[in-house]
Amino acid sequence: MNALCIAGGRVLRPDCSVEAADVVVDRDTGNVHDVGEEIAAEYDGETLDAAGGVVMPGLVNAHTHAAMTLLRGYADDKPLGSWLREDIWPAEAALEPEDVRAGTELGIVEMIRSGTTAFADMYFEVPEVAAAVEESGMRARLGHGVVTVAKDDEDAAEDVEESLRVAREFDGAADGRVRTAFMPHSLTTVGEEFLREATATAREEGIPLHFHANETTDEVSPIVDDYEKRPLSYADDLGMLSEQDFVAHGVHTDAEEIELLAARGTSVIHCPASNTKLASGIAPVQQMLDAGVTVGIGTDGAASNNDLDVFDELRDAAMIGKLGADDAAAVPAAAAVTAATAGSADAIGLPGGRIKVGGAADLIVVDFDAPHLAPAHDVVSHLAYAVRGSDVRHTVCDGRVLMEDREVQTLDEERVVETARERAASLVERAE
Ligand SMILES: N[C@@H](CCSC[C@H]1O[C@@H](n2cnc3c(=O)[nH]cnc32)[C@H](O)[C@@H]1O)C(=O)O
Ligand SMILES: [Zn+2]
């Protein structure tokens, strides 16, 4: 066997218990072959040193717009509606395919360096996004975001078609590491007939849906006013809530909508930093978990966060979950860590999220030697409340080492950062 041994660390198991163990990966299948105490010596092959560290599933960023790293810090301190309309959309109108490539690569480098092995991305120029994912060795579910409002019928129909087209064309790319979805931007930015027809097509072809839902009260009231029903019940009537589908945000969801999500098996991606920064509101995460909804964690784009560090995000999820529930016991450490790993992976329908024999070898090693992690009474507590993305030492996806001793192996980090700086500068000039 072509083995990769992650040796000498403590391993976080799917039930959040922690045990001293080596993890042996079969690099040919990309799966975990064995987990056990001091078993590394039984195998030839490459070794990754995990001494003093914790081996855990790679984090999954279940909702982002990776290329928006180019707009990091471009427009801050505004609510969603005016932020999008006054700043972000005008800048995005000037995006060229090469910008999307550069921004996505920058996002990917940031994610690999902070321990993320998979992500779900909604953006433009998806062929560029897919190429970046392929080169980087990460896993992703990708889609073209559709907006039909303020477009004539022909342009609107073409945008919808583009999203279905890329969903068909790129599914299974990068040796199966790329999967796809049909991605209408939101229930208020895509017209009802477009949603109805395209969803029916997606359903026939087994294509999942991903969209922003109930992010702000401004997204809820127009639907309640026009249709006399809550947004998720509107989405359900259009056939948009199935087991394969996942919605971003779900901030303003009432008890009936939460029940509906649970009944349909539709997942919610919680984006606490973006919801805080845009003052969108606090999602009822503990209620969702109690109802049996699969909850994943996403950073959203870097322009509303402003980083792609999922450790930061899961910490925010735990903190804000308590504030929202007015209960310090809400969204405890293990729930937040599980949401950012197994929850996110399940929500976006990709392998990973748990270290188990036969499962995908998407895992990271977190260095626990740092002063801010001493003492370590409770590993899971640290993973939720004290670890930072910069504590990640190695990142492995599909059995391949993407970062070793903080050196990204698959992309040239220096070139990626330099290119992104250049493209961002000229993008902003063109947008003005
Ligand atoms: N084809 C569409 C592009 C949609 S991509 C997805 C969009 O989501 C936007 N976006 C980023 N963060 C958020 C958010 O928090 N809520 C809603 N939209 C967002 C992002 O700027 C991007 O324009 C068009 O013609 O405009
Ligand atoms: Zn978003």
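The backbone N, Cα and C atoms fix where each Cβ goes, and this holds for glycine too.
Automated prediction, rather than curation, is the source of TrEMBL annotations.
Features reported for this protein in TrEMBL:
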| type | residues | note |
| --- | --- | --- |
| BINDING | His63, His65, His212, Asp300 | Zn(2+) binding site |
| BINDING | Glu92, His185, Glu215, Asp300 | substrate binding site |
| DOMAIN | 54-401 | domain 'Amidohydrolase-related' |
Legend entry - Sparsest-packed among the binding-site residues, when each Cβ's other Cβ atoms within 10 Å are tallied, from His63, His65, His185: His185
Inset, instruction - Just the binding-site residues from Glu92, His185, Glu215, Asp300 whose C-beta lies under 6 Å from any atom of ligand 2, please, or none if there are none. - result: Asp300
Legend entry - Proximal but sequence-remote residues of the same chain as Glu92 (substrate binding site) (Cβ under 8 Å, at least 6 apart): Leu71, Phe124
Legend entry - For His212 (Zn(2+) binding site): DSSP state (helix, strand, coil): strand
Legend entry - Greatest inter-residue Cα distance in Å for the substrate-binding set Glu92, His185, Glu215, Asp300: 21
Inset, instruction - Can you grab the distance from His65 (Zn(2+) binding site) over to His185 (substrate binding site)? Cα atoms, rounded to a whole Å. - result: 11
Inset, instruction - Compute the C-alpha separation of Asp300 (Zn(2+) binding site) from Glu215 (substrate binding site), stating it in Å without decimals. - result: 12
Legend entry - Distance [Cα-Cα, Å, rounded] between His212 (Zn(2+) binding site) and His185 (substrate binding site): 6
Legend entry - Assigned conformation of Glu92 (substrate binding site) - DSSP reduced to three states: helix
Inset, instruction - Could you tell me which three-state DSSP class His63 (Zn(2+) binding site) falls into? - result: strand
